[in-house]
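Swiss-Prot lists 1-17, 61-69, 129-162, 490-627 with the feature topological domain 'Cytoplasmic'. Annotation comment: Swiss-Prot describes 18-38, 40-60, 70-90, 108-128, 163-183, 469-489 as transmembrane segment, evidence class sequence analysis. Feature annotation from Swiss-Prot assigns topological domain 'Extracellular' to 91-107, 184-468; the stated evidence is sequence analysis. The domain 'GP-PDE' feature in Swiss-Prot is assigned to 198-457. Residues annotated as divalent metal cation binding site in Swiss-Prot, with sequence analysis given as evidence: Glu230, Asp232, His245. Residues annotated as N-linked glycosylation site in Swiss-Prot: Asn308, Asn397.
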Amino acid sequence: MLLFLWIETSNEYFNFDWVIFLGTGYWFYWSIFILSLAGILTAYSSLLLLLGLLLLWEGIELYLHLCHKILILLVILPCVILMFIICKFWKERWLVAGLSLQIFAPYVHLVSITVMVILFWPVAIYVARLEREVRMRRYRMTHSEKKRLKKCNVIARLRGLQVAVGLPFLLIFLSLCLMPLGIYSPCIQEKENLGPKPTLFGHRGAPMLGPENTMMSFEKAVEHGAHGLETDVHLSYDRVPFLMHDFDLRRTTNIREVQPESAFKNPATFSWDFLSTLNAGKWFVKPELKPFYNMKPLSKADKERARNQSIPTLADLLTLAKKERKFVIFDLRGPPPRHPLRHTFVRQVVSVILASKIEQHLIFWLPAHDRRYVRSMAPGFQHVGHLVSVKTLAKNNISIINVDYKKLFPNGLRDYKAANIRINVYTINEPWLFSLAWCSRINSVTTDNIGLLSQLNHPHFFMTPKFYMFIWLLVDIISVLFIVAIFCFHWRRETIKEKLFETSSTLTDTQSRSENEEDLHIAMKPARVVESPWTLAALYPALSKSGKEHQGRFNFAAPSKKLVPIKNAVTPLKPGKHDIQPPMPTTVFELTQAPSRQAKSKATFQTTLPTLKVDKPTMPSVEVPYP
């Protein structure tokens, strides 16, 4: 905001530097310094914000170093102080910023639409990811009904985030699309309605081409086609009207070299004999004292000419204006107390003007003091008023006003135009302000930058309503298409990711079920799988015949609900006397650890039964439930 405000008020840079000079006595481009500082602070803050967004994008936790914290405080502190000063002592700058929107609002609209389209890319990514997260959570929710309420709360929060991000963006975008309906710009009009180019009054001559209020400056203004010449008039102690703007001689003369103790005195307290000896041009050649930062470099001839300038009298200016037939308008500075012309300074100036024999209609009489006397002595003068009501102007028979542009545009410009009152505004140096005055049908402007404004043949930022409507609709349609395309692209990409996730989840579930079944199958191996070739069933197959009738220990038969009582029909086996055989292995679940390969032996099952001699092996028809 500060940077925007300072850029748009570039027309006031000289006045800002001049006010600081009055307080400090030191000339410096403070306005450019503040502009540079605001630009650096804005760039630093923007880069820091961009870096933070990129880190958040990558999922990296933010950590602000102490140096950055200090710098941020240093950014905020001067901005707050400067904004307070502007709001307290320089409220007119806000008026300038408002006027700039009358010119730049159509272009701000087009740029804002483009920026919103660019910003929609991350917004679309975020909204699409939230949608994918919602769907994935819903998919998971079907597998866990116990947590349904909690999941619903999470989904509601995700939907809320979507609305919180997407809805404001859409509202802002729609507002920008409809913004031209509320835009008023004087430079959007038909070509046939455009008024003539305002005439130019050289403010103190041409202060960008020569030392202000010197004959060189006025001659430069005439060379660049000035319609009139503007100046400020003081009266010396010996009654000679001379040209000087400031209320002391420090800035534009060498008074500090001649009489340092008199540097702060009012110029009207000096005699003309002394004032005529002062140099009024050497300061202009010094680089550190140039009044405008954007001045063109002077040629050697102009530098030499500027060094020899002195304070001119009002009679000198009237002679030039009479010769070139240029209008003259001036501010008349009243003498200080105890001055000989304290109450008659207006009559003295009128007598000097009449003595110059200049055509009276070339004088734009601006001072309001003793206007009745002026009308009686010089009826041909064109009286100029200030920013007062139309009724007051009509009562005083005034048809011209000279006003500050910052106060004119917000205060009834149409009323003055309707009353056929000619308007001169001051001081306009920027092309965009001159274009605004041109499109507003202002009659004349007072300017320091006559070299640039005299070259303009057409107002900047001018366009017809049909052309602007075409650009408006074209940009809106293209931006909507881009936004829809971006949203569809990210939506489709997140949908593909969601389908891949569902597919992988299904495969994972199927695979996990298969693994569980396989684990269960391994845990319940049938008898023939885990049976060792040294078991009874392997050695005596007859014992395992008729599986339906003889359910073994490892035969997985469904247990009957009713238990069959076990009959003691098995004859106990008795070992034979001479029947000594190696122990027969039987199947158990505990495996012995296999010996090392160096022993070259194999793992064997533990045996628990001794060698038995069986005459007639029989199996009872017993059905034992599986434990």
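Heads up, the Cβ atoms here are built off N, Cα and C, so glycines get one too.
Locations of recorded Swiss-Prot features on the structure.
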residue: Glu230; record: divalent metal cation binding site; contacts (Cβ under 8 Å, 6+ apart): Phe201, Gly202, His203, Arg204, Ile329, Phe330, Tyr426, Thr446
residue: Asp232; record: divalent metal cation binding site; contacts (Cβ under 8 Å, 6+ apart): Arg204, Asn213, Leu243, Met244, His245, Phe330, Asp331, Arg333
residue: Asn308; record: N-linked glycosylation site; contacts (Cβ under 8 Å, 6+ apart): Asn279, Gly281
residue: Asn397; record: N-linked glycosylation site; contacts (Cβ under 8 Å, 6+ apart): His383
For Asp232 (divalent metal cation binding site), which of the three DSSP-derived states applies: helix, strand, or coil? strand
List the helix, strand and coil residue totals of the topological domain 'Cytoplasmic' (1-17) as derived from DSSP. 15 helix, 0 strand, 2 coil
Protein Cβ atoms within 10 Å of His245 (divalent metal cation binding site), excluding its own: 19
Quick one: which residues besides Glu230, Asp232, His245 have a Cβ within 8 Å of the divalent metal cation site's Cβ centroid, in sequence order? His203, Arg204, Glu212, Asn213, Thr231, Val233, Leu243, Met244, Phe330, Asp331
Same-chain residues at least 6 beyond the ends of the topological domain 'Cytoplasmic' (61-69) with a Cβ under 8 Å from one of its Cβ atoms are 48, 52, 55
State the non-local partners of the topological domain 'Extracellular' (91-107) in its own chain: residues 6+ outside its ends, Cβ under 8 Å from one of its Cβ atoms. 4-5, 8-9, 11-12, 179-180, 183-188, 405-407, 409-410, 432-433, 435-436, 460-461, 463, 468
Should anything in the same chain at least six residues away from the topological domain 'Cytoplasmic' (1-17) have a Cβ under 8 Å from its Cβ atoms, list it; otherwise answer none. 27-32, 34-35, 38-39, 42, 79, 82-83, 86, 92-94, 96-97, 100, 291-293, 427-430, 433, 448
Can you break down the topological domain 'Extracellular' (91-107) into helix, strand and coil residue counts using DSSP? 16 helix, 0 strand, 1 coil
When secondary structure is assigned with DSSP, how many helix, strand and coil residues does the topological domain 'Cytoplasmic' (61-69) contain? 4 helix, 0 strand, 5 coil
